[in-house]
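Chemist: Before I ask anything, here is the structure I am working with.
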């Protein structure tokens, strides 16, 4: 296959900004300018074809006691030699990588009204509806076949079982305990006569860990640790990266659902800025893989420098990590596996999204807790955004093994790290070539409609641990370099600082531009292995530079105090935002209209609500569990030291 260019001619749009415009309007306008159509005017070459998505009035249909059906319909030519204009358009869409396949329709219909004359209670609903569709599109020289039909007369009713009641009881008891701990902490601060010994006797040091008052103060406090201060830009980047991920999933919530104006999505490749933003989405998570490996490597080399090798340290390191990340995941999986979350979802297509998610969680909840859900039953994983946590945990374990080897054979540190990066690059190259895959997972209409993200392509190119291994191993390398040279200055002169800017900004931009094209099978395989680590390299170079006090305005943005504080809740926000963002997809009562302004407005709403819920989970669950974990491990260490002294 020859290289095919996606970017058409650019036509700049003109905007006038009022001098009196307030800050919020400017923010929204900037986003809209970034998204505005820079290519040809929006044309809908498929406007004459039947709509791909359609939803009848759900409330009226149910009120009249009629059947409400979700139908998957395949359109075909009425004859083999059909020269119909409509079928030619459909054939064009099948060859158009930017377009939906317009021969496949997804309609939610009131069957009794749709088939008024043909409807018979004692006949097969699928046959009746198929016949109705054939008649409906016969004037277009098309015939239709209903391949899947789900019908019901009543809304699904959720009856709580023992597990549902038990989970709700645990959550309520826990919240009451948090209220009690907060009240105790409030009373303690009002009565200063309580001494430390009395607090300890009452278990005060443990109660404080669950106090909202104390946790709020800790949340607002920026870490003054010297290591954190040098790398505090990472915290700000975490926050901004989370905003971009929410935007990505806001966009996915539209493209993955029933869409009214499908031409908006089909015309995105005509707009270079929108195309760049869409391709950026598939690289965003590489930043988190990089940071995770960077910090693991740096802290581990600090330990290696002062301690003799011990398997206890390796096991404790993994245990600490698992106990730190599992509480929010346990909360979300438990909530998603019971009826309490899905009970908030209502609408004509809810069963295609929310109900299906409930079934997945009830079936595969345990894979999420073991962090193997991106490889085991990955097509039915509970909350598909948690694939990142699984991949990160698996790569964390692999990295602990590699770091153990380095600890035992310190002279071969560079060789082991270099080999791990090389292996991380080669595995995706081989898999991409063998299966003839694309260089990235493109968020195209066909890849995404009806939440088709759960696919072999998605797993092989995007969500598997091996697809992200190179970035993680690269993070280990940069963590090692930072450990070795944290007290040196690598960007002393103007030339090196200019090079820093070019690499920091240029490498990610170059990667995104390269990913906007299609390539031959061999070249696609090569690029699939190197693009992600190249993108991460640019970010890593940016981190190293800002840790050495260069970066100017970029450094100030990344180290902005509100961003540093909000960076603390990015993990809880990531875990909890899935249900918030995709709520609109599952509860749509009519096909979703999408435009630049709708997308920006929805993103702002999703970001605010996601971070608010992330904050609640962080302060009510993540912080208390983290503090209890630290206290428990500290007690274990004290007991071990005391035992060694007694011996």
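Any Cβ shown, glycine's included, is placed from N, Cα and C.
No curator has checked TrEMBL annotations; they are predicted automatically.
Dumping what TrEMBL says about this protein:
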- 235-617: domain 'Acyltransferase 3' (DOMAIN)
- 165-184: transmembrane segment (TRANSMEM)
- 239-260: transmembrane segment (TRANSMEM)
- 280-301: transmembrane segment (TRANSMEM)
- 322-346: transmembrane segment (TRANSMEM)
- 387-409: transmembrane segment (TRANSMEM)
- 416-435: transmembrane segment (TRANSMEM)
- 455-478: transmembrane segment (TRANSMEM)
- 498-519: transmembrane segment (TRANSMEM)
- 525-544: transmembrane segment (TRANSMEM)
- 564-583: transmembrane segment (TRANSMEM)
- 603-621: transmembrane segment (TRANSMEM)
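Buried or exposed, and what's around them? Tell me for each listed feature.
Modeler: Averaged across the domain 'Acyltransferase 3' (235-617), the predicted model reaches a pLDDT of 92.
Listed by sequence, the residues of this chain that lie at least six past the ends of the transmembrane segment (165-184) yet keep a Cβ under 8 A from its Cβ atoms are 204, 207-213, 334-335, 337-338, 340, 620, 624.
A Cβ distance under 8 Å defines the sequence-distant neighbours of the transmembrane segment (239-260), meaning residues of its chain 6+ beyond its ends; these are 51-55, 106, 108, 278, 280-281, 284-285, 287-288, 349, 353, 385, 443, 445, 448-453, 557-558, 563-564, 566-567, 570, 573-574, 577-578, 581-582, 584-586, 588, 590-594, 599, 602-603, 606-607, 610-611.
If you look at the transmembrane segment (322-346), the same-chain residues 6 or more away from its ends with a CB under 8 A from one of its CBs are 155, 158-160, 163-164, 167-168, 353-355, 357-358, 361-362, 365, 368-369, 382-383, 386, 389, 393, 571-572, 575-576, 578-579, 583, 586-587, 617-618, 621-622, 625-626, 629.
Remote same-chain residues near the transmembrane segment (455-478) are listed as 282, 285-286, 289-294, 296-297, 374-375, 378-379, 384, 387-388, 390-392, 394-395, 398-399, 402-403, 417-418, 420-421, 423-425, 427-428, 431-432, 435, 437-438, 440-441, 447, 528-530, 532-533, 535-537, 540, 543-544 (criterion: CB distance under 8 Å, separation of at least six residues from the stretch ends).
Sequence-distant contacts of the transmembrane segment (603-621) (same chain, six or more residues past either end, CB-CB distance under 8 Å): 28, 31, 175, 178, 212, 215-216, 219, 242-243, 246-247, 249-250, 327-328, 331, 566, 568-577, 580-581.
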Chemist: Which one, 280-301, 416-435, 498-519, has the most C-beta pairs under 8 Å toward the transmembrane segment (387-409)?
Modeler: 280-301
Chemist: Other than its close neighbours in sequence, what residues sit by the transmembrane segment (416-435), given a CB gap under 8 Å and a spacing of at least six beyond its ends?
Modeler: 402, 405-406, 409, 456, 460-461, 466-467, 469-474, 476-477, 480, 521-522, 524-526, 528-530, 533
Chemist: Using Cβ atoms and a strict cutoff of less than 8 Å, what residues sit near the transmembrane segment (280-301) while being 6 or more residues removed from its termini?
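Modeler: For the transmembrane segment (280-301), the sequence-distant neighbours (Cβ-Cβ under 8 Å, at least 6 residues beyond its ends) are 227, 234, 237-238, 241, 244-245, 247-248, 251, 317, 388, 391-392, 395-396, 399-400, 403, 440-443, 462, 468, 471-480, 482-483, 508, 511-512, 515, 531-532, 535-536, 539-540, 543.
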Chemist: Same chain, outside the transmembrane segment (498-519) by at least 6, Cβ under 8 Å from its Cβ: which residues?
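Modeler: Non-local partners: 1, 3-7, 97, 275-276, 279-280, 282-283, 438-440, 491, 527, 531-532, 534-535, 537-539, 541-542, 545, 550-551, 554.
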